[in-house]
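Contents: one structure, followed by commentary.
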Amino acid sequence: MKTLIFIKKKRLRGEREIPFGGGNPMRRMEKGARHRNNTGKNHPGGSEAEASPESGSGGGGVALKKEIGLVSACGIIVGNIIGSGIFVSPKGVLENAGSVGLALIVWIVTGVITAVGALCYAELGVTIPKSGGDYSYVKDIFGGLAGFLRLWIAVLVIYPTNQAVIALTFSNYVLQPLFPTCFPPESGLRFLAAICLLLLTWINCASVRWATRVQDIFTAGKLLALALIIIMGIVQICKGEYFWLEPKNAFENFQEPDIGLIALAFLQGSFAYGGWNFLNYVTEELVDPYKNLPRAIFISIPLVTFVYVFANVAYVTAMSPQELLASNAVAVTFGEKLLGVMAWIMPISVALSTFGGVNGSLFTSSRLFFAGAREGHLPSVLAMIHVKRCTPIPALLFTCFSTLLMLVTSDMYTLINYVGFINYLFYGVTIAGQIVLRWKKPDIPRPIKINLLFPIIYLLFWAFLLIFSLWSEPVVCGTGLAIMLTGVPVYFLGVYWQHKPKCVNNFIESLTLVSQKMCVVVYPEMEAGSGKEEVNEDTDEQRQPIYQPTASKDKDSEQPQP
């Protein structure tokens, strides 16, 4: 191991123009892989960890393992979309829709639009087969600054705050039975949330397989709980309890119809499906991504839409719209009405659902930060993986630490409101990039090629909601844009400005080396440059113009002479 780290140190000192401690990240990682392979040949004792079968990619180098199969891929999508919302407060759509019937239509339409967006992402995911999701697509299509701004807002606010809120929801439902007559203490909630985050970070650091098993188990658990709700709803309908589902009652307005409120209902519905693009963050760890990425999307989005619609149908068989809107935890109220002594199942289901949600968010967001570091947009140590476990430990620790920081702040929920608009903005930008890519590079291989009508439909719906958001909440949206634009000077100082003073580069290199030693991590071997994995001609051709345009030239120029 000492030999490996010494070689890494020499190589880092040879590249002074490294943004955030990294030059051309693709070139650097390919060179690092070759150095590690050579080290293994020349110093077998010093590179034993990397040559072990556990190290990943067929013998010499360390690489991310392809351990996410179709079931786990579906678990990631379903587990990230279905959080606590459908159990706790599905009333946002109903409140703004103004009637039960229109609310159900909103759930169906937003599910269809989500499926359209997911189809667009499926094409992008197999055309640009990189982890990092919309960040990678925006960066490759629109350039480094646009990609960095997407990454900046995700690193700064979106993922830390979302994970903190989900962890706090988990701790609230775990502690609530211990405090039946009052709210749990704030310090206790935050402490338990921190334990949840630390435990799941450790699991994700230890093994990709463990992390995906946790995701599979807890996704199955939340689906079983929702299946129970749906079955109880069917039983209610069989008993004749379907007053609010009859057309004359379903479309009875309990408030004055308003186009602005209906648009807000669609916006709430779209947010409820958030997480549908998370599988694209881990494309490189998918087994056979060209088949399993689209298959997982085709299975998961219709499944979630079915669950959302019929869970809401079940709720109105036991509660009137007024009761549903008055409840702070709809599934718990539903359980108390219909399950009797088994009503405890519902709060436990919420806790399990949120626990799985934290795991899925940690797993996918760490890969986003890993991808950003690999492109030179974040400190290069975040692009390293453990020599034996092949997990991105620095990225996971960074994700955990940023979330723990959010737990001690009091403005989490305000920040989420500010940047929710920006998150939705980049969905549309990414899908617009699909049209741009069709125009700029029409001949690159696309294993999936959907009709351009699909991205146009999505963009029309997206533009409608975006314009309405700007009109109804100009201050909130403007603040979100301002937070995003703080990334512009950071980009020019940290990424664009490559020839930094020597003292700055030395400091970054020293910090990177110390982090490497502490975490026992190295740069992963790049799949296209390793020569260990079979890559078909279509895959190789499609990567040339999009996947790693600079790295491919570097690779050719650095081939060893026979």
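In case you wondered, yes, glycine gets a Cβ from its N, Cα and C as well.
Keep in mind that what you see is a predicted model, and the values were worked out from it rather than measured.
If you look up TrEMBL, you'll see 17-58 (among others) marked as region 'Disordered'.
Annotation comment: TrEMBL describes 44-55 as compositional bias 'Low complexity'.
Among the features that TrEMBL reports, transmembrane segment is placed at 68-88 (among others).
Residues or ranges marked as transmembrane segment by TrEMBL: 100-121 (among others).
The transmembrane segment annotation in TrEMBL covers 141-159 (among others). With a cut-off of 8 Å between Cβ atoms, the residues of this chain six or more beyond the transmembrane segment (141-159) that come close are 134-135, 361, 365, 368-369, 372, 375, 377-378, 399, 402-403, 415-416, 418-419, 422-423, 426, 429, 433, 436-437, 440, 483-488, 490-491, 495-496.
Residues or ranges marked as transmembrane segment by TrEMBL: 191-211 (among others).
Taken from TrEMBL, the feature transmembrane segment covers 217-238 (among others). Within its own chain, the transmembrane segment (217-238) is flanked in space by residues 74-75, 78-79, 82, 86-87, 245, 307, 310-311, 313-315, 317-318, 331, 334, 338-339, 345-346, 349, 352-353, 355-356, 359, which lie at least six positions past its ends and keep a Cβ under 8 Å from the stretch.
Using a Cβ-Cβ cut-off under 8 Å and counting only residues 6 or more beyond its ends in the same chain, the transmembrane segment (259-276) has close neighbours at 77, 80-81, 83, 85-86, 90, 92-98, 102-103, 106-107, 109-111, 113-114, 117-118, 121, 297, 300-301, 304, 308, 360, 420, 423-424, 461, 464-465, 468-469, 472. Annotation source TrEMBL lists transmembrane segment at 259-276 (among others).
Residues or ranges marked as transmembrane segment by TrEMBL: 296-318 (among others). Proximity of distant same-chain residues to the transmembrane segment (296-318), defined by a Cβ-Cβ separation under 8 Å and at least 6 residues beyond the stretch ends, is recorded for 70, 73-74, 76-78, 81-82, 86, 90, 93-94, 100, 103-104, 107-108, 111-112, 114-115, 118-119, 121-122, 223, 226, 229-230, 232-234, 236-237, 241-242, 244-245, 272-273, 276, 279, 324, 330, 334, 337-338.
Residues of the same chain lying 6 or more positions beyond the ends of the transmembrane segment (351-370) and with a Cβ under 8 Å from any Cβ of it are 75-76, 79-80, 82-84, 87, 131-133, 135, 151, 154-155, 159, 162-163, 166-167, 169-170, 173-174, 196-197, 200-201, 203-204, 211-212, 214-215, 217-219, 221-222, 225, 275, 278-279, 281-282, 285, 378, 382-383, 385, 392, 395-396, 398-400. Feature annotation from TrEMBL assigns transmembrane segment to 351-370 (among others).
Per TrEMBL, the feature transmembrane segment maps to 391-409 (among others).
Marked as transmembrane segment by TrEMBL: 415-439 (among others).
Annotated transmembrane segment per TrEMBL: 451-472 (among others), in sequence order. Long-range neighbours of the transmembrane segment (451-472) within the same chain, counting only residues 6 or more positions beyond its ends whose Cβ lies under 8 Å from a Cβ of the stretch, are 113, 116-117, 119-120, 260, 263-264, 266-267, 270, 421, 424-425, 427-428, 431-432, 434-435, 438.
If you look at the transmembrane segment (478-497), the same-chain residues 6 or more away from its ends with a CB under 8 A from one of its CBs are 19-20, 144-145, 148-149, 152-153, 156-157, 376-377, 418-422. Feature annotation from TrEMBL assigns transmembrane segment to 478-497 (among others).
The region 'Disordered' annotation in TrEMBL covers 529-562 (among others).
Taken from TrEMBL, the feature compositional bias 'Basic and acidic residues' applies to 552-562.
The stretch from 191-211, 391-409, 415-439 with the most CB pairs below 8 A to the transmembrane segment (100-121) is 415-439. Same-chain neighbours of the transmembrane segment (391-409): 64, 155, 159-161, 163-164, 167-168, 190, 193-194, 197-198, 201, 204-208, 362, 365-367, 369-370, 373, 381-385, 515, 519, 521, counting only residues six or more beyond its ends whose CB sits under 8 Å from a CB of the stretch.
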